[in-house]
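Engineer: Pasting the feature list from TrEMBL:
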- 12-34: transmembrane segment (TRANSMEM)
- 40-62: transmembrane segment (TRANSMEM)
- 83-105: transmembrane segment (TRANSMEM)
- 125-148: transmembrane segment (TRANSMEM)
- 160-178: transmembrane segment (TRANSMEM)
- 198-219: transmembrane segment (TRANSMEM)
Amino acid sequence: MWEFRSMNFWRAVFAEFFGTMFFVFFGMGAALRWTTGPHHVLHVALCFGLAAATLIQSIGHISGGHINPAVTFAYLVGSQMSLFRAVFYMAAQCLGAVAGAAVLYGVTPGNMRGNMAMNTLQPGISLGMATTVEVFLTMQLVVCIFAVTDERRNGRLGSAALSIGFSVTIGHLMGPGPSLLLCSSETSSTTGMCLLQVYWVGPMIGGAMGALLYDFMLFPRMRGLSERLATLKGSRPSESETQQDPTQTFFSSLHCGICYEIHFYTNHLLLLF
């Protein structure tokens, strides 16, 4: 794989690790009960949304700013990145999430840690209900990401990072209703099934559905099967796509300089006459 030997690839992988680590640190930190007062879901949702917007703005030009395995999986389903890159992105995101949680655990007093804001189900909410909610929340997030970062879109208005941050905020405002209640009464087996099905299977399905919905129905990408397979395999882009020919750049700059000189002296001659 040519990507394995590319320094830009490893910068992107580290950016995903870095971004996810801080996203989890700030998001989980906001979900902890630092005071004895009421705990508002708006406080947590805004922190997650603003953290996402800030980090995407910071590392988006390096790695794309996925900071979420479901988003990376959506780009893979949409044939917008190679399988090799997707695997490394997901690994970096998982490691970054563990690192962020570990740092938060280390700086949180023991009497405030509780269960470290672990998500479990409210009484009366089945795994199917919560999984369906996660599918829809992730689908709207992926559609938003694909839409605001689409290079084919003309006349883009506003900040893409801020739009994605608002989408994350919407998801966290909706999510605590059916599935994101902080409690510790569940058994370990139920909790394990909840984490796997609700917070892994659900988002992956939602991400894939969002990618298929946008790329094949809302705004189809006119690409053939061979082109999509080449992207998934990680075929090396041509030199013309990665960098502009230095000779062409030189003559382009020279042409602009000559045009400027001609325009400058023409204006002065007109003033003389």
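Cβ atoms are placed via backbone N, Cα and C, with glycine included.
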Engineer: Please report, as numbers and ranges, the same-chain residues at least 6 past the borders of the transmembrane segment (83-105) whose CB is under 8 Å from any CB of it.
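Structural biologist: Here the qualifying positions are 1, 3-4, 9, 12-14, 16-25, 28-29, 32, 63, 66-69, 72-73, 75-76, 113, 116, 232-234.
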Engineer: Are there residues at least six beyond either end of the transmembrane segment (12-34) with Cβ under 8 Å to its Cβ atoms? List them, or say none.
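Structural biologist: Residues 43-44, 47-48, 51-52, 55-56, 58-59, 62-68, 85, 88-89, 92-97, 99-101, 103-104, 108, 112-114, 116-117, 182.
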